[in-house]
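Reading through the structure tokens given below for one structure.
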Amino acid sequence: MMKNPLAVSIPGLTLKNPIIPASGCFGFGEEYANYYDLDQLGSIMIKATTPQARYGNPTPRVAETPSGMLNAIGLQNPGLEVVMQEKLPKLEKYPNLPIIANVAGACEEDYVAVCAKIGQAPNVKAIELNISCPNVKHGGIAFGTDPEVAFQLTQAVKKVASVPIYVKLSPNVTDIVPIAQAIEAGGADGFSMINTLLGMRIDLKTRKPILANQTGGLSGPAIKPVAIRLIRQVASVSQLPIIGMGGVQTVDDVLEMFMAGASAVGVGTANFTDPYICPKLIDGLPKRMEELGIESLEQLIKEVREGQQNAR
């Protein structure tokens, strides 16, 4: 039997291909199930889940930018109980689709409460920890900007989680390396990166920010070079697997993420412009890999990681 050249294995996840719709751009999957069979996907990262329901930020919440968009949704979600009882069971009809649950919170206790329970769902195979949230107990500074806080949070959720933890790194920091190292020391199983870059747009007529929240997260093709740089930086100091994301919209973008050091790839904003983008990427990968002399993604991951080790 021929080996699947697109297959990759990372902690908790045996993926038939590396393409994963990113959290916040794919709802809870059901919205896209009208377009294609979700079982085609490597995995899906569902919308952020918090202990209680959140209504999110006031509108306007999104603004277009050249080569991207700003969003300030504010983690709108139905809360842990509804996700466990309604959203996740609906995805059980896809037997070959491992789910990555995205977890957010306002304090360490929030994260611990959700991580302790959500991994018990039979189809949740890993957790993505969104540490870009403001820590309300520490003056609103994001968890992911302080190595010590990031270490403590990772350690706390690892104690209660029954599935591997992938910590989502924020690019809104001076130096990402000490934060990644602190998270690895806290026991993380991998990273997902990058989260959105902080941005703002101003309405020339009102002279005020377009977003009601004033600032929002910048995503889309504009941030891809930043993502590539940061993935490369983290991969050069850590052997933990990385789910790379940030501006992916073509097959070449996917392979560039792998060559920077990723072991799987998240696709976010591109889902809004083309609902079929993920199946298209999956279909297009084998031909492009053949053109570039790439036998398999597992082999590419090995070669890139070995090359980075030798460069140290």
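Using the three backbone atoms N, Cα and C, a Cβ is placed for every residue, glycine included.
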Inset, instruction - Name the residue, out of LYS47, LYS93, LYS224, that Swiss-Prot lists for the same substrate site as ASN71, ALA72, ILE73, GLY74, LEU75, ASN130, ASN195, THR196, please. - result: LYS47
Inset, instruction - According to Swiss-Prot, SER23, LYS47, ALA48, ASN130, LYS168, ILE194, GLY220, GLY246, GLY247, GLY268, THR269 bind FMN; so which of ASN4, ASN96, ASN102 is the extra one listed there? - result: ASN102
Inset, instruction - Show, in sequence order, which residues other than LYS47, ASN71, ALA72, ILE73, GLY74, LEU75, ASN130, ASN195, THR196 on the same chain lie with their Cβ within 8 Å of the centre of the Cβ atoms of the substrate site. - result: GLY24, ALA48, GLY217
Inset, instruction - Enter the number of other CB atoms within 10 angstroms of the CB of THR196 (substrate binding site). - result: 25
Legend entry - Integer Å distance between the CA atoms belonging to ALA72 (substrate binding site) and ASN130 (FMN binding site): 15
Legend entry - Span of SER23, LYS47, ALA48, ASN102, ASN130, LYS168, ILE194, GLY220, GLY246, GLY247, GLY268, THR269 around FMN - largest C-alpha separation, Å: 20
Legend entry - Residue among recorded positions GLY74, CYS133, THR196 with Cα closest to the Cα of GLY268 (FMN binding site): THR196
